[in-house]
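One structure, pasted below without further comment.
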Number of protein chains: 2
Amino acid sequence: MATPVQENLITSNKSYAANFDKGHLPLPPGKRYTVVTCMDARIDPAAAFGIDLGDAHVIRNAGASAKDALRSIVISQQLLQTQEVLLVKHTGCGMLTFQNSDATSIVEKNLGPEAVTAVKDQFGGDFLPFKNLEEQVKEDVAWLKENKAIGSNVTVSGWVYDVTTGKVKNV
Amino acid sequence: MATPVQENLITSNKSYAANFDKGHLPLPPGKRYTVVTCMDARIDPAAAFGIDLGDAHVIRNAGASAKDALRSIVISQQLLQTQEVLLVKHTGCGMLTFQNSDATSIVEKNLGPEAVTAVKDQFGGDFLPFKNLEEQVKEDVAWLKENKAIGSNVTVSGWVYDVTTGKVKNV
């Protein structure tokens, strides 16, 4: 018995597949770039950032963390020859609203001490929250530029997307 | 001086923002679910999986790895009250085409031994490749269901998207 969310996936995908004509696209991104952005529900990277199907890798995680995305970025560059990264964080990000201690307390209250242990064991207990949006974009960009796992030929730029206006700006 | 990729972002986003009328959407996903899928350039989750703006968190990484996504999934559930996960891997995934030793050799050849050390220090040197698509979907789903950091009230389902037909199927 499918849930409403699963039913929506099945029904929507039927319409999508019925009109699908991009089955010929190759694996490597045609425009050889990678977008790192947040998982936030208010962001549609393809539409808002002009990414046509087949153009770019799109990595998304809570907060658009460069650190969290590093494995995927290295694969994108080393195995699929991308040469540029656009790192896009956004206004109103949930990661600006809590600290690790808050998140840990919530996990403990909802799921018990075993869940706190699981979080520590599985990703070190760091939820990667941050305090200042533009500063964190700059920090992540600098971290990638200096990272020895990233080729020095790779161009990295940082951006902020405003979820209330739909506009991006370079920072 | 903007690169062509940056110029494309700026130009495309101007058109998007000019017609943007969703600035009122709240932070928590309206349909309270999370999609985990691959960074692959041939996937447009909003269009292919029927995700309207504001509906769902979308997490993307190389291979749609549940393990790599865990921090973001826990934040989605514990801090933003999502209750369901759709995990979607896809045919023709790059992660089926190499082993850790291959990726490590490529990194060493392109960037030198310092890069191999950086990869080991920063994400344990595991690129998380896999050998069998459907089996890996099932393994990731089982891993999430058994994970103590995930609430037992959370529904997790596994899917494969075919990049040549645009169709998803439940596995």
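The backbone N, Cα and C atoms fix where each Cβ goes, and this holds for glycine too.
Since we're looking at a predicted model, the values are computed, not measured.
According to TrEMBL, the Zn(2+) binding site annotation covers B:Cys38, B:Asp40, B:His90, B:Cys93.
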Tell me which residues of the chain lie with their Cβ under 8 angstroms from that of B:Cys38 (Zn(2+) binding site), as long as they are six or more apart in sequence?
B:Arg60, B:Asn61, B:Ala62, B:Gly63, B:Ala64, B:Val88, B:Lys89, B:His90, B:Cys93, B:Met95
Long-range same-chain neighbours of B:Asp40 (Zn(2+) binding site), Cβ under 8 Å, sequence gap at least 6?
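The list for B:Asp40 (Zn(2+) binding site) reads B:His90, B:Cys93, B:Gly94, B:Val163, given in order along the sequence.
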With DSSP assignments reduced to helix, strand and coil, which class does B:His90 (Zn(2+) binding site) get?
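Strand, per DSSP.
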Taking the Cβ of B:His90 (Zn(2+) binding site) as the centre, how many other Cβ atoms fall within a 10 Å radius?
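Other Cβ atoms within 10 Å of B:His90 (Zn(2+) binding site): 24.
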Suppose we draw a 10 Å sphere around the Cβ of B:Cys93 (Zn(2+) binding site). How many other Cβ atoms does it contain, all chains included?
22
Reduced to three states, what secondary structure does DSSP give B:Asp40 (Zn(2+) binding site)?
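For B:Asp40 (Zn(2+) binding site) - judged by DSSP and reduced to three states - the answer is coil.
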List, in sequence order, the residues of the same chain other than B:Cys38, B:Asp40, B:His90, B:Cys93 whose Cβ lies within 8 Å of the centroid of the Cβ atoms of the recorded Zn(2+) site.
B:Thr37, B:Met39, B:Arg42, B:Ile43, B:Gly63, B:Ala64, B:Lys89, B:Thr91, B:Gly92, B:Gly94, B:Met95, B:Tyr161, B:Val163
